[in-house]
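**Q** According to TrEMBL, the protein carries these features:
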| type | residues | note |
| --- | --- | --- |
| DOMAIN | 1-102 | domain 'NADH:ubiquinone oxidoreductase chain 4 N-terminal' |
| TRANSMEM | 29-52 | transmembrane segment |
| TRANSMEM | 58-81 | transmembrane segment |
| TRANSMEM | 88-106 | transmembrane segment |
| DOMAIN | 106-390 | domain 'NADH:quinone oxidoreductase/Mrp antiporter transmembrane' |
| TRANSMEM | 112-132 | transmembrane segment |
| TRANSMEM | 139-161 | transmembrane segment |
| TRANSMEM | 181-204 | transmembrane segment |
| TRANSMEM | 216-235 | transmembrane segment |
| TRANSMEM | 247-266 | transmembrane segment |
| TRANSMEM | 273-295 | transmembrane segment |
| TRANSMEM | 301-322 | transmembrane segment |
| TRANSMEM | 343-361 | transmembrane segment |
| TRANSMEM | 373-399 | transmembrane segment |
Amino acid sequence: MLSYLLMIIFLIPLCFLHGCWWLVHSLMFLLSFVFMIFMYSYADLNMISYYFGVDYFSFSLILLSFWICSLMITASGLVYLSSYHSNFFVFIVLFLLIMLYCSFSSLSLLSFYIFFESSLVPTLLLVLGWGYQPERLQAGLYLIFYTLVASLPLLLILFIIYDVSSTLYFPLLTDFGSYYFMFYVFIILAFLVKMPMFLVHLWLPKAHVEAPISGSMILAGVLLKLGGYGIFRVMKIISYLGMKFNYFWLSLSLFGGVIVSFVCFRQVDLKSLIAYSSVAHMSMVIGGLMTMNWWGCMGSFSLMIGHGLCSSGLFCLSNIIYERLGSRMLLVNKGMINLMPSMALWWFLLSSSNMASPPSLNLLGELSLLNSIMSWCTFSFLVLIFLSFFSAVYTLYMYSYSQHGSYYMGVYTCSLGYLREYHLLFLHWLPLNILFLKGEYFYI
């Protein structure tokens, strides 16, 4: 495990060579393929040490981190063209990748917590340094305060766990039974804010709207998944209280998902709409994890991977339009099929994946989560019907409103995309649909 970490660290000096971002970019893609092939070939038995190790769950999320961070550099073409601190930008992306790699491969709760919180620093720098509007300062404050205020009680709980069990090593931790109710709330709340759950989700749309394309991609693609991964890891400590009280979080997240779906209908900003749709999708992931059964955990896992690729791709599409027209308002961005006919195909492909149509990985995840949540409580189908239906409705609304209608400028012109943009969208869409064919690996 340490060898891959050192390979990323040794890329850092290349960041500061003038005009060498393309070399770092190519080596990151190469490293992601090396990691995938070698780890998949030699299983995980040789990759466990006292500090770092992977199982199937963390392997896939580390691979997703490699992939999204590589695509972040592809998407940020304007940063290099304007030479706006491009070396520092690539350094921040690499630093973020190191933090994510260490978070997902940590075998100690304390090191997981440290890297989990450290991943906020480069994200904040991306929002503040390369954001678009002065409001990015307020968005950065929301991002820091929401996540840190919820996470600090978790640090105190970790000290209590260490005091009681004398270890924070994942495989040696046991269920604490009905030790302390607030113990359960503080542990789980830190991860629910990160996902985010309805009622503590307001930081996400703000951060997305103000963030540059790279910030939005990493937020939607990987950072939200840290919350789901954390719940998956700590559930073994709080499973006794979880059996009693998880119904509250499950009900709140499902009903919240329906309410957020209605909020999506009245969004006029493309990025804001996609950000709220992330909250609706994550509500199903929370529901699956709270059922504490195998279908729920694996369904949440596959939906997290699928959503990471799909949502990141949609943010790339909204950024492509923003670079052409200088606006993300739906009122301005209608009739895009007239201006950019070739992009309409990518809008269709990624929108259809977002509403969980075959053959996307989202379909696999949502079917598993429907199975899981309905096995927990049959009457939950009433909420799930609305959640799935409105998910399709707001995605269709987004697609039809942005692509159809008359182009607002009334000019009969055509704007083609760059090869870089088609390559970027293809590398989001291909794994999202190819992984569906290997669905059995998500349920081993």
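Cβ from N, Cα, C; glycine included.
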**Q** Check for me, if you would, whether the transmembrane segment (88-106) reaches the transmembrane segment (343-361) - at least 3 Cβ pairs under 8 Å, residues 6 or more apart in sequence.
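**A** Output no: the transmembrane segment (88-106) is apart from the transmembrane segment (343-361).
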**Q** Please count the residues of the domain 'NADH:ubiquinone oxidoreductase chain 4 N-terminal' (1-102) that DSSP assigns to helix (H, G, I), strand (E, B) and coil.
**A** 78 helix, 1 strand, 23 coil
**Q** Is it the case that the transmembrane segment (373-399) and the transmembrane segment (247-266) have 3 or more CB pairs under 8 Å, with pairs at least 6 apart in sequence?
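**A** Between the transmembrane segment (373-399) and the transmembrane segment (247-266), contact is present.
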**Q** Please identify the stretch among 181-204, 216-235, 247-266, 301-322, 343-361 with the greatest number of Cβ pairs below 8 Å relative to the transmembrane segment (112-132).
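**A** Comparing 181-204, 216-235, 247-266, 301-322, 343-361: 216-235 has the most Cβ pairs near the transmembrane segment (112-132).
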**Q** Would the transmembrane segment (301-322) count as touching the transmembrane segment (343-361), if touching means at least three Cβ pairs under 8 Å and pairs must be 6 or more apart in sequence?
**A** yes
**Q** Quick one: mean pLDDT on the domain 'NADH:ubiquinone oxidoreductase chain 4 N-terminal' (1-102)?
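**A** Averaging the confidence scores along the domain 'NADH:ubiquinone oxidoreductase chain 4 N-terminal' (1-102) gives 85.
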